[in-house]
Amino acid sequence: MLKVNSLTYSYKGVKSKHDVFKNLDVEFGPGLNAVLGPNGAGKSTLLKAIFGLLKYEGAIYFGTESITKMKTDEKTKVMSYLPQMDIDFSMLSVLEMVLLGRLPDLKQRVSDEDLNAVMDTLEALNIKDLAGRSFGELSGGQKKLVFIAQTLVREPKIILLDEPTNSLDLQKQLELCHLLHRIIKDRKIDIIVVLHDINLAARYADHIVIITGEGEYYDSGSAKDVITEKMLKEVYGVIGSVTLDEENRPVISAKRSVRDS
Amino acid sequence: MIKTQQLENNVNRELYNAMIKRRVALSAVLLAALFALVILNIFIGSSDITLKEIIIAIFLKEGKGHTVMIVNQIRLPMALMAVAVGAGLGMGGCEIQTILRNPIASPYTLGITNAATFGAAMGLILNMNVVKASEPLMVTTNSFLFALLASVLVYAFSLRPGAGKNGIILFGVALNFLFNAATMILQYIANDEDLKSMVFWNMGSLLKTTWTKFYIVFSVVVVCFIVFYLNSWKLTAMTLDDTKARSLGVDTQKVRQMVILLTSLLTAVSVCFIGAIGFVGIIAPHIARQFVGEDQRFFLPLSAMLGAFVVSVSFVVSKIVIPGVVLPIGLVTAMIGVPIFLFIVFRKMRTL
């Protein structure tokens, strides 16, 4: 799986320089990986670095292959990356939007292979009937699914998702996570997802990586091992309790910030 | 197994074809209309020539009196130039709007057209002062360099953190004023004759078209079209957010540079041979977008065709409004373009 070796990256503003990561080592596991951490921990930055949208020091490996040294075209064959932003408006149809996931191999005349990949992916996500619709007319949840389809259609080995549950209601959040599990099983791929909701991560993730607010590695492992009251206090600065539900998964209940007495 | 695969291919292909059917049909209709307009533009002129005579003159190079010369050396290049310039402006507007993700951007609003005008005016004056004979290439180079200068300035500004869409447009407006003023200074110091020709030239005219000028514009338009078309999926991805486009593997920086370079070239050749025609760059892509969306495989050719359509219709109108007088094409384009544009915008607002 994916391995990050002594990743160092600093954000350079107009006047200031701010270290986001200093020699960060992270190892991901098979299945659904969740990256957790407070605001400013650099979770999104980590995904960007893995996909190669940032210039960083250090090395990132996929198995024994160095992703750092790959060209963009090669990289897009190994992985897909879904940034956090919501794109509300576009004059593209759903079919065209998903087709874009097949870049850079797309030809001016869409090949059977590309077309079938798109339709199969839409079918797998149960949104085949949206193919001809205009993207701008879809609901927020449907738009999310279209973007997930766009990342899948490339048939990558790893998918990086930056807070895909953002702006979804509770039911759709659960459905999305359920879907991610199904994708992992059906397509034999691994997913790295940045999540805000600790309980959601605890419920669905096979492997959790925790980064502190200073961009340092804190802990990783199964939900039961890493989601603890101590972690809540040290990483999130929150006093809370962790209990196990009937499926033996940790559930947190946050009480108050350590800054409030 | 092979059979089911074949079946699946067919089903998907049919679905896809149904989706693009309307676009293909629309493109075909527009192409036919353009062809008719070219013929109409050859037909309309001060001396009466019948349709039959035109066809014989073009294909057999035969006819009585000056017919062959009028058709082949004057009217045909002018009619084709209207198409080429219109297509170039439509394409330029389409791609500038795409890379800036702004539907009101165009080479004109960004100051590129006025910069090219200034460059051409400078070349014109320098030409008249330094060399007596007209040097079309010198005017082109001059106008191109200034178009490029304006583009690079806009581009550099767009890279600044915090330069939003509106900031870029405002910057373009500022450039417009700058180059306008600079052109006026040239006009102020020019003698009466130069001033007169510059003012007329600024309004846009197809009347001085020669085959050489047409071939230059035509080759630039064709080359740009091919380059844009080959990059159509990347350009389509550029209509999304920058990070999104990059996540799809598009080198957004490189695509932007390419578009700015080629658009400058397109703007420069049309401005230096025809003069400033402003509105086409906004209106053509705007209408095209309403019809076919932003899939560049259709959006780009349709923008080009609609640009050619608007300029060709304007050219027809410019010749028939006042008998015996040919109005400047730039003025007519705006007069015709504005109502069409408003009609489409308001119709869209009603349906919303």
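Sequential numbering from 1, following the chain as shown.
From the backbone N, Cα and C atoms, a Cβ is placed for every residue, glycine too.
So that you can see what the record holds, here are the features copied from TrEMBL:
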| type | residues | note |
| --- | --- | --- |
| TRANSMEM | B:24-44 | transmembrane segment |
| TRANSMEM | B:76-96 | transmembrane segment |
| TRANSMEM | B:108-131 | transmembrane segment |
| TRANSMEM | B:137-157 | transmembrane segment |
| TRANSMEM | B:169-190 | transmembrane segment |
| TRANSMEM | B:210-230 | transmembrane segment |
| TRANSMEM | B:259-286 | transmembrane segment |
| TRANSMEM | B:298-318 | transmembrane segment |
| TRANSMEM | B:325-346 | transmembrane segment |
Other parts of the chain folded back onto the transmembrane segment (B:210-230), taken as Cβ under 8 Å at six or more residues beyond its ends:
73, 77, 80-81, 84-85, 87-88, 91, 95, 136, 140, 258-259, 262-263, 265-266, 269-270, 273, 296-297, 300-301, 304
Residue list, the transmembrane segment (B:325-346) vs rest of chain: Cβ under 8 Å, 6 or more residues beyond ends.
82, 200, 202-207, 274-280, 282-283, 286-287, 290, 310-311, 313-315, 317-319
Counting CB pairs under 8 Å, which listed stretch among B:24-44, B:76-96, B:259-286 touches the transmembrane segment (B:298-318) the most?
B:76-96
